[in-house]
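K.L.:
Annotations for this protein, taken from TrEMBL, read as follows:
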TRANSMEM  B:12-33  transmembrane segment
TRANSMEM  B:39-58  transmembrane segment
TRANSMEM  B:70-97  transmembrane segment
TRANSMEM  B:117-135  transmembrane segment
TRANSMEM  B:147-165  transmembrane segment
TRANSMEM  B:185-205  transmembrane segment
TRANSMEM  B:217-241  transmembrane segment
TRANSMEM  B:272-296  transmembrane segment
TRANSMEM  B:308-327  transmembrane segment
TRANSMEM  B:333-358  transmembrane segment
Amino acid sequence: MERTRRTQARLLLVFVLAVPLLSGCWDRQEIEQRAVVLGVGIDVASEQTVNKNEGEVSHLRGSFPEPETGNIRVTMQIAVPGRIPLGPGVSGSGGGGGGAGGQNTVWVVDGFGQTINDALNNMQQSVALPLFYGHLRVIVISEAVAKKGIQNLNDFLRRNPEIRRMTWMVVSRGKAAEVMRLRRSSSVCRRFT
Amino acid sequence: MEYPRQITAIQAAAILISTIIGVGVLPLPLFAVRDGNSGAPLLTLLGGIIAYIGIWIITKLGIRFPRQSIILYSEAVLGKWTAWIGNVLIIGFFAFLTALAAREFGEVVITSVLKRTPLEVTVIVMLLMASLSSRNDMTTFAYIHHFYLPLIVFPIVLILALSLKNAQFINLLPVWGNEPSPTDMWRGVLTIAALFQGSFVYTMVIPAMRRPDRAMVAGFWGVFIAGGLYVSTVIAAVGVFGPAETNNLLWPTLELAKATSLPGNILERLDAAFLAVWVTAVFTTLFSTYYFTIHAMSRFFRLRDHKLLAPFILPFLFALAMVPQNVVQMYDIIAIAGRLGLLITIVYPLIVLLVAVIRKKRGDAGNGKDAENAS
């Protein structure tokens, strides 16, 4: 009798100890559930466009003192899953739907805001999946933004643990958004490699 | 009870290496660069030399008293009450070191891997693991370290070698740093020497060695290999990022792993692989300091066994780990506590050694009445 009770107590203990493991990787993020950002372009934006395009996502309108560096427009290239042929000769497994040739391998989105964080939060509102910066290849800054100083931007990007320090940072003569929209006729996605 | 003398020289060196390489690898280049600029590798080398002096003193004492650890022979040398102060400091310091290492581990994990997990969970899981593992005896302790050693050393060497592809030699010049100021240099050297402090557990290993006379060789190789890895880490990080950028990174070694890829883009970033290795390295370090804390306590209270103390100190360590308010304050505490700790891990043994030489005290190699009774 004493024996069985002990065994039962032990079994119970094993079950209780197993409970914490059941939660598993509860905060995992599968690769197809991420929006992989490949490039970021940063431009100046006029106050009107920002007011028109910025929803009241990160702050109420007018509740925020205007930053000295002015408003920002962020353009972003997001990889479209399944449409990126990984190098020459390998056809993208586009699920049978047309392949990679005719379609865009990346999707370009805009976000407006007073600061870069603001703009990225606004942009997140127009993208269903959480943005993932782990594979970010290039950051294009327009000349107009660069002239105001990039210390602030650089600091923001450095504090994001996903962004690598080997990411290219370039300054464009024209608008950074135009660089983001550049498309090569070749279907191979190696613009930044 | 006969003391099991089963640890070989290679195992002793393995214990040293895996104890030294731990949580400190991540901020190491930052510590070195902050005080030494481009002279960071030189600073690390000097820190390693100071650490080696500490090990040399401990080993000398260990060979002189081959059956005891510092808790017992310091009583024989300095007198019971004087040594009592030193021993309390040693135990307290190592408890603190364990708690801070667990906290540092937690901070890294919640920042870069498990972003939505509370800090407390990661800290307590690591402490629990160390607590459960330290219920083993000294031989198992050595086996665990010996087993994990290749898993720690080889991947780190591989990552460092691959990262050198991005390195530029000019980042490392001038070798002595830009306009070095002696006070900064000195502070940096001490901070880095403090990262080697885990090696103090050697004092507990020597009495369990099969041949304590080989402790000197093992101690040298242990510090040499660990120090070599430290210097190469700093060279790689500073070589890739340059001193100015390294100064802006909280964990340059982690950033280095992120920026490093396997050839042919098999793995584009090695930070996941590096963190997996690093968790093992942190575990072995925590395991050593945790084990040393309870081992020293059991000697101090003249207990025959240390197992009972393992769960007992866990809540205290957890509370200590939660003391720093944030990462910045934690690193301030680590730097200051580390430098002060050198008084305990190097200066105190030096005093014991000098007094032992002056008083001509020697431990008996046979079964003396104060020989350690250990499990």
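Residue positions begin at 1 at the first shown residue.
Cβ coordinates are placed from backbone N, Cα and C, and glycine is handled just like the others.
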K.L.:
Thinking of Cβ pairs under 8 Å, which stretch from B:12-33, B:70-97, B:217-241, B:308-327, B:333-358 has the most of them with the transmembrane segment (B:185-205)?
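P.N.:
That would be B:12-33.
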K.L.:
For the transmembrane segment (B:272-296), name the stretch out of B:12-33, B:39-58, B:117-135, B:217-241, B:333-358 with the most CB-CB pairs under 8 Å.
P.N.:
B:12-33
K.L.:
Using a threshold of three or more Cβ pairs below 8 Å, and leaving out pairs closer than 6 in sequence, do the transmembrane segment (B:333-358) and the transmembrane segment (B:117-135) count as in contact?
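P.N.:
Answer no, regions not in contact.
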K.L.:
Using Cβ distances below 8 Å and needing 3 or more such pairs, separated by at least 6 in sequence, tell me whether the transmembrane segment (B:39-58) contacts the transmembrane segment (B:147-165).
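P.N.:
No; fewer than 3 Cβ pairs under 8 Å.
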K.L.:
If we skip the immediate neighbours and take only residues 6+ beyond the ends of the transmembrane segment (B:308-327), which ones have a Cβ under 8 Å from one of its Cβ atoms?
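P.N.:
Contacts of the transmembrane segment (B:308-327) (Cβ under 8 Å, skipping residues fewer than 6 from its ends): 95-96, 98-100, 102-103, 106-107, 111, 120, 123-124, 127-128, 131-132, 134-135, 250, 290, 293-294, 297-298, 333.
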K.L.:
With an 8 Å cut-off on Cβ pairs and a sequence gap of 6 or more, do the transmembrane segment (B:147-165) and the transmembrane segment (B:12-33) reach 3 or more such pairs?
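P.N.:
Between the transmembrane segment (B:12-33) and the transmembrane segment (B:147-165), which are separate recorded stretches, there is contact, as judged by 3 or more close Cβ pairs.
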K.L.:
As a test: from B:12-33, B:217-241, B:333-358, pick the stretch that has the greatest number of Cβ pairs under 8 Å with the transmembrane segment (B:70-97).
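P.N.:
Per the Cβ under 8 Å count, B:333-358.
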K.L.:
Residue list, the transmembrane segment (B:217-241) vs rest of chain: Cβ under 8 Å, 6 or more residues beyond ends.
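P.N.:
The answer is 9-10, 12-17, 20-21, 25, 28-29, 32-33, 38, 40-41, 43-45, 47-48, 51-52, 55-56, 58-59, 153, 156-157, 160, 163-164, 166-169, 171-172, 192, 195-196, 199, 202, 209, 249, 252-253, 255-256, 259.
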